[in-house]
Amino acid sequence: MAYVRLACLAVIFFFAASVMFTVEAGIPCGESCVFIPCISSVVGCSCKSKVCYNNHVIAAEANSVDDHHLLCQSHDDCIKKGTGNFCAPFLDHAVQYGWCFRAESEGYLLKDFLKMPKALTN
């Protein structure tokens, strides 16, 4: 009787493993993001309409910069939206929008501090 239980458990395990590898290879960002953010954000996924999509898919299907909070066409768009200070374009030139990042470099933070005043007032 123990062998029958182990055999059933082994069949279920192999079935679950094969389904997992099939889904993983086909849809890298297939999970839902209704209550929690995208778990697969490490591989370049973001939440749109309660489903996780690849970032370049979101940018390619967008009609305007306002379709997603991380889409941009210039660094000023990122700063205005408050989602970063650097707009990085995608390598695919057919995608007309970029993706906002927060670039925290020492030079960027000190650029306004090191400016000389235009006129000295006493």
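Placed from the backbone N, Cα and C atoms, the Cβ positions cover glycine too.
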Under Swiss-Prot's annotation, the disulfide partner of Cys38 is which of Cys29, Cys52? Cys52
Disulfide-bonded cysteine for Cys47 as listed in Swiss-Prot, from Cys33, Cys45: Cys33
Distance, Cys52 (disulfide bond) to Cys45 (disulfide bond) (CA atoms, angstrom): 6
Between Cys33 (disulfide bond) and Cys52 (disulfide bond), what is the CA-CA distance rounded to a whole number of Å? 6
Measure from the CA atom of Cys29 (disulfide bond) to the CA atom of Cys52 (disulfide bond) and give the result in Å, rounded to a whole number. 5
